[in-house]
Amino acid sequence: MAPAKKGVLERLNAGEVVIGDGGFVFALEKRGYVKAGPWTPEATVQYPDAVRQLHREFLRAGSNVMQTFTFYASDDKLENRGNNLKVTGAQINEAACDLAREVANEGDALVAGGVSQTPSYLSCKSEADVKAIFRKQLDVFIKKNVDFLIAEYFEHVEEAVWAVEVLKETGKPVAASLCIGPKGDMHGVSPGECAVRLVKAGAQIVGVNCHFDPMTCVETVKLMKEGVEKAGLKAHYMVQPLAFHTPDCNCQGFIDLPEFPFGLEPRILTRWDMHKYAREAYNAGIRFIGGCCGFEAYHIRAIAEELAPERGFLPSASEKHGSWGAGLEMHTKPWVRARARRDYWENLKPASGRPQCPSMSVPDSWGVTKGHADLMQQKEATSKEELEQLFDKSKTH
């Protein structure tokens, strides 16, 4: 019988680095297993081999958290705006837990069950209604005995606090991750205050994920850390950013960019950018370091390689990757062999190859959030008339 693995808090309390996984939604959409728009994870039931393989790629790259692919798997999201899947949230969540556990058992990885923001909150449903949705998801995580829980991708700290309060009922460790930048949540609550509220609600790990690039997210977590320490509280910190450069984003993040979601590729971070991100996060005192949308396995491998001195080992995937381009020593072309050195890749300013394109965009900035009529959700599919109204409105922004 295999020895029991150390839990996430045991690892963090010992000062160990915990490496998260990458962005399942975007990665599987590009592979043809997730539909952009609803972004729901029915692939766990419909295409389990695809989900299992992606878990394995992240495990091999160095991740030691297999996060269940349960993003947007609440029943109200699965049936939002005509998304008729004929599969329940419970079925998706159970399959996701089984797949994550299967792969986690192939290495020294933990399974994290995740819940995320709900259409019900955006539609101004009550605290009791929203918490009931989280509890329904939680039933599966308890049944499948995940190792810890993550409340992730919350634009409003109020809803995140509700999620944490529900997750704490299990007695399992709880992490809470907001999709906010340095300006705070969508109602203007500062990162420091957001973190304090989450810690007081019971989260032992707090941080941010998605919506912004790595350095912006690290800066936001620094502000959260300052707020927690100023309040005399204690917590561990996590960061799981985008793999896209977002210097032109406003408080809504990358979903306001005109390139979202199908034209973001020119913004992708290189593996060398990820080395810088990993070191910056570590130096900021963050020990749970992973990725979100846009992250592929080679990005996670870069994090694991940068932090190999602290972790004491390289990931399995480094077997096929020479440190800082060392594998290029074997290339047939001499000018490519000349690039087999760290200073070349650290100082490279990669070109986009798009001479007619700007370096930055102008975000849409509609400025609507929870409580606004435009964000009220519905089961019915968006009608042609509703779309025409949106098309017209987009011309005035």
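Using N, Cα and C of the backbone, Cβ positions are placed for all residues, glycine too.
Feature list (source: TrEMBL):
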type	residues	note
BINDING	Cys210, Cys292, Cys293	Zn(2+) binding site
DOMAIN	6-307	domain 'Hcy-binding'
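Over all protein chains present, the Cβ of Cys210 (Zn(2+) binding site) has 28 other Cβ atoms lying within 10 Å. Cβ neighbours within 10 Å of Cys293 (Zn(2+) binding site), excluding its own Cβ and spanning all shown chains: 28. Under 8 Å, Cβ to Cβ, and six or more positions away along its own chain, Cys292 (Zn(2+) binding site) finds Gly22, Gly23, Asn209, Cys210, Gln240, Pro241, Leu242, Ala243. Residues Cys210, Cys292, Cys293 make up the record's Zn(2+) site, and a Cβ search at 8 Å around their centroid adds Gly23, Val25, Phe26, Tyr153, Cys179, Asn209, His211, Gln240, Pro241, Leu242, Gly291, Gly294, Phe295 from the same chain. Computed over the domain 'Hcy-binding' (6-307), the whole-number mean pLDDT of the model equals 95.
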